[in-house]
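Asker: Please read through the structure below; I'll follow up with questions.
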């Protein structure tokens, strides 16, 4: 999904791209780039309404089909309207994909591996961004309109592969159990972890899932709006935590680096376009290097400490960039490049990863699809967030220059106490046991009784659970 997000940044200054689209202004450039984010927001809305109905695999397949259509339109674009429509449709697919895949991975993972496994998705996103930057750099030497059409079109390869590969993947066992298909859910768990049906892990996992379904059906809600209504599971609070995590992810200034790094190096540091593209490519490589640590060790690092220290260090980087660029000398402006490298390294290993892991796991099963769709919308739009930031960034760079970085120095610093005081630790806790972090004691006992031996402890409880399964089926 990230090849499209990253590829356009390296094309904005390409002379053939600018010629094709009549040398677009700062505002027009911002709208063109931001239209992808707007489409992704709408994609989150599509998943909100269809995700629980179609399931994880079919939503991923639908996302890839939309990305293929959108990428085809972008590659063949003859004017800005054509390009923007293509980016919006590609965004539809990306919004669905980005609000489905982390949830799908979480629901297939064991608690001791969940953080690392979901982190690998973010690692591959980093690979996509870096790959797109280097493709842009390589094609910058091409003296024709292929210099921008081919880089955009290459994303079709990955989407087409996923369209076929996704049908070889299992469905989420938790989605199956939620739909009353418990036998299939158990089969998936056995297949994924190479276990027998009577293995203690399979028995305990299914018992916990069954208890969570019963509890959440009793205390939560099944309507689209139930995620906003107070309940014993504290669903609205949990949705807010998931949403704000990705708000922090976006409001730290990462889009300034990902989308506009070549532009910043040309206008603020005074480098040539070729040198700017080369340095930007190496900066993006730090994204992958940073991602590697949580991909290997996030379950030992913890979610909270990683967020807290990450935000503090990102604020420091933005402060140093502000100071060095404000001096206005070539030497100090060039020194700021080192802090762009450090910013991407720290971001890749901290606040870029944790919110994507934290969002799906903090949400109850009954609200997970809708809640994840809402939380991922913060990545693409805050009020007008990602769209807003991406659209105004070129204007800010041209109008207030180095002062742009003060904004992100402040936002990152403000996130430190929020992460410390409001976010509970979720590492090495099963998805079903995370419910207990938010439940009153009497409901914790209810959940415990329903998970004993995979069956309720009393006839009355058994009746409740059977009714739940019947309703799902």
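Each residue's number is its place along the chain shown, starting with 1.
Placement of Cβ uses the backbone N, Cα and C atoms for every residue, glycine included.
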Asker: Tell me which range among 239-261, 446-468 TrEMBL lists as transmembrane segment.
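Answerer: The listed stretch tagged transmembrane segment in TrEMBL is 239-261.
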Asker: Return the average pLDDT for the domain 'Major facilitator superfamily (MFS) profile' (1-427) as a whole number.
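Answerer: Summarising the domain 'Major facilitator superfamily (MFS) profile' (1-427) by its mean pLDDT gives 88.
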Asker: May I ask you to check whether the transmembrane segment (59-78) and the transmembrane segment (147-169) make contact, with contact taken as at least three Cβ pairs under 8 Å and only pairs 6 or more apart in sequence counted?
Answerer: yes
Asker: Kindly say whether the transmembrane segment (308-328) and the transmembrane segment (84-105) touch, using the definition of 3 or more Cβ pairs under 8 Å where each pair is 6 or more positions apart.
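Answerer: The transmembrane segment (84-105) and the transmembrane segment (308-328): touching, no.
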Asker: Name the range, of those listed as 239-261, 273-296, 403-423, that has the largest tally of Cβ pairs under 8 Å with the transmembrane segment (117-135).
Answerer: 273-296
